[in-house]
Amino acid sequence: MAENMLMHSSDGQGYSPSVPGSYSHQMPAKVPPHQASGQYNYSGSQNVSQLNNFQGPGQTLNRPPVAPFSGSPVQQTGPGPQVLPPALPNSAAISSAGGFPPGASPPVLSNWQYGQTPVSQPGGSQTSHLAQGTGTGSAQPPSSLSGNTNPPGSYQYAASPGGPPLQNSYMKPATPHPSPAPPNLKMNRSVGYSYPALPPGYQNTSPPGAPGVQTSALQYPDGSKHFHQPALGTNHLTASMAGLNLQQEGLKPVNLLQERNILPTTLLKPPVPNLHEEIQKLNCNPELFRCTLTNIPQTQALLNKAKLPLGLLLHPFKDLSQLPVVTSSTIVRCRSCRTYINPFVSFLDQRRWKCNLCYRVNDVPEEFMYNPVTRVYGEPHKRPEVQNATIEFMAPSEYMLRPPQPPVYLFVFDVSHNAIETGYLNTVCQTLLDNLDLLPGNTRTKIGFITFDSTIHFYSLQEGLSQPQMLIVSDIEDVFIPMPENLLVNLNENKELIQDLLKTLPQMFTKSLETQSALGPALQAAFKLMSPTGGRISVFQTQLPSVGMGALKSREEPNQRATAKDIHLTPSTDFYKKLALDCSGQQVAVDLFLLSGQYSDLASLGCISRYSAGSVYYYQSYHHKHNPVQVEKLQKELKRYLTRKIGFEAVMRIRCTKGLSIHTFHGNFFVRSTDLLSLPNVNPDAGYAVQMSVEESLTDMQVVSFQSALLYTSSKGERRIRVHTMCLPVVTTLSDVYLGADVQAITGLLANMAVDRSVSATLSDARDALVNAVIDSLSAYRSSVLSIQQPGLMAPHSLRLFPLYVLALLKQKAFQTGTTARLDERIFTMCQVKNQPLVYLMLMTHPSLYRVDNLTDEGALNINDRTIPQPPILQLSVEKLSRDGAYLMDAGSVMFLWIGKNCGQNFISQVLGVPNYGSIPQNMTHLPELETAESIRTISFISWLREQRPFFPILYIVKDDSPLKSSFLQNMIEDRTESALSYYEFLLHIQQQVNK
């Protein structure tokens, strides 16, 4: 059996033998704390193995279960388990020794420990205001929440009538597992690469739920029974029996070599956890928080047997149309593990609640007895905190180590000859001018500007000056700030000077012949300027930095772009990483905009954003004249970047039920203590992932819970805590583990692990590991779950798209072989894998293909009086294209509209606005807005797709003889390319390995 290196090797970053799915049954070593408190570990990995010299994207921890990270003694709290010393929520004032500043008392945010859940239930109303979300693709929760999140003052919340409490079980009642029906054994005669024809009706069956555990009365370990309020009636256990036939569908094996049409015609929805519907209704929206396995294996041995990774994917700061906001002097948390009260705790009686992560029994504070929504006393289980899996608290002063910082924005512009030549400065300055009033902030907002070539230029915006004053620092070896004040100024009080500067900047350097780039010193200067407050640095760079600290040399040889041995995915210097960690310590994040036609070593430069919780934007070959579509892309994305919500001086912690443990984090941040993610800035477009293992068996538990808490300062200067809680069932059989597998979440987590593997080992190791993940899981399914061995390649229904998605990853720019991908482009795609929320990552990996020359209003959506057609999604294969059609491919950050040679005259004239196929221009990137039904439908569909993401996909119109045709065909995942197998060949390869 192929050994899966992603899961198993202990030399790569984050793949220690304790990784979920590894073969050995070892538990993570209980190592002593491995570094002095407060020291930064500049290696990027915090795995306690021989990784210290690796600068990689993942930050891995083998966390000693309870050993405190710093040198302070472990505190004992009453009868509860030991807890870590409190960590710092607002970590701006951490002293270098890692302790608290003198005189500061430890805040309550984080006596933190991974806890472990027996069953607990919300004893309360079942009216949920949070979108169930699991069954719908929509990002909007239903409108029963009040959307008003601004004014403080009791609860901004819509009232809800209560329902009876749940009675005895978390799970839906189970039916005995049906034995898998033998597949239809008629074989199609044709051999080779054609598929047997199957009716398309098979396409869209996915199980909404799954058989679970038999219901039984809930007994808590201490013998207490669930508290019922007698007034509410107790006859409420009618679990829905509908959908049982679909559950059996979920268990039915799929022969991938025979069944051709397995791609759903609509976007794939996440599986719905098999919980009692009243509990599932309260669960977290999967767009914010989802797990690779919606049925959690009871033991690590069972997880190892399934050969699937266990982990979470988060989008914690996503823009929400409704969010309950609670302003209360008491934030109710477990005294032992510091979990926030949530819908999955249980009330033993009116005065006591049991934590769903560590099972400690806590008192209900007096204030919590009154429900401001229903204005009733004595119903704590109906409070908004216990009715919503996603909620935001206004934090009181004990959640601050210093007064909340003002929003501070510093812009750093490359003005070398090369930069001026691209023309980017005009676009950026104009976009900034247009959006100055929309920058998130308040009367305290500050702004500043630095420009650089071989020297660094500061701009004094002192009140009373008739125009901005430029100060040049030419000593780049020892950078200093020429004057302490007036370089960062109040935006509202100095708006005219700021506008003057933005209007004149693009012209100031047009005659410059200065070709050098002192990016490192400019960033050092920016850091010094921002350190006292914290904030955001936005740096625009167009070439390889060539002088001063952080200067780099070209490492790309065009002919060797993808020889797997020698591609430079690791940074060539640790300068940018060290500076990023300094920034992180002072609550400064750096966002990098790279606009470059030449190699700029993004592998090294990207570290400045990765470890400071910033983001990277890359505009390849940006030029205002030669590449005008990039100008529109930069404008649109910069507008979103400047005006979107932002959180400052943030920290995030993820807690889970006792028995589960988190060991590797993915995303842009720095792990400050064993489990506290430092996020100097947090933005609504960033995703994160974590890998987990089952440290102790989850026996006697029906469910486990996960909770993420993000503490941040809003742009209005409020300290807020956004909490998401998710509850999932525990299962004891392998077939149940497969039944609840979330194939998209699994693919997303494996992609993150593969990026780390490419960097710590080689690209070919990462590719092998991805393929082995498929082989190992399907082998385990075949040998341990299927009762009858059948010919073909059998997969559980939940994983039927797994081989297709992995093949798509292998063909994605981050992991493909062949010489087409430039090195910076490959690195940028890897950055996106680590930082994109799952929904965008999946679209970049497996694009959606639609036929658009025959759009109708049948099944269309109606949004704000617009009709949005909903054409079916097609498989990514040339055989799905017809010469007489037009097809739209949505690949996330780019779109292609392919026009067939014999496309109907109607579409060409009514949508493209040209008389015939021959007159379609070669480099057409916009559709004309015509007053025809066809044009309106096509444009509204494309606009609707674009509106759902934070970046702006350029639309390329592609003809048969267009140079872009190869890019379009490159995304046809199911077809063969020069260096990659077709889907059918890939399945044959997998089958051969599985049947070994």
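Cβ atoms are placed via backbone N, Cα and C, with glycine included.
Among the features that TrEMBL reports, region 'Disordered' is placed at 1-191.
Positions annotated as compositional bias 'Polar residues' by TrEMBL: 10-25 (among others).
Among the features that TrEMBL reports, compositional bias 'Polar residues' is placed at 36-62 (among others).
Among the features that TrEMBL reports, compositional bias 'Polar residues' is placed at 108-153 (among others).
Under the heading domain 'Zinc finger Sec23/Sec24-type', TrEMBL lists 331-367. With DSSP classes pooled into helix, strand and coil, the tally for the domain 'Zinc finger Sec23/Sec24-type' (331-367) is 2 helix, 12 strand, 23 coil.
Positions annotated as domain 'Sec23/Sec24 trunk' by TrEMBL: 404-642.
Applying DSSP to the domain 'Sec23/Sec24 beta-sandwich' (647-731) sorts its residues as follows: 0 helix, 58 strand, 27 coil. The domain 'Sec23/Sec24 beta-sandwich' feature in TrEMBL is assigned to 647-731.
What TrEMBL records for 742-842 is domain 'Sec23/Sec24 helical'.
The domain 'Gelsolin-like' feature in TrEMBL is assigned to 868-934.
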For the domain 'Zinc finger Sec23/Sec24-type' (331-367), what's the mean pLDDT in this predicted model? 96
Based on DSSP, tally up the residues of the domain 'Sec23/Sec24 helical' (742-842) by helix, strand and coil. 71 helix, 2 strand, 28 coil
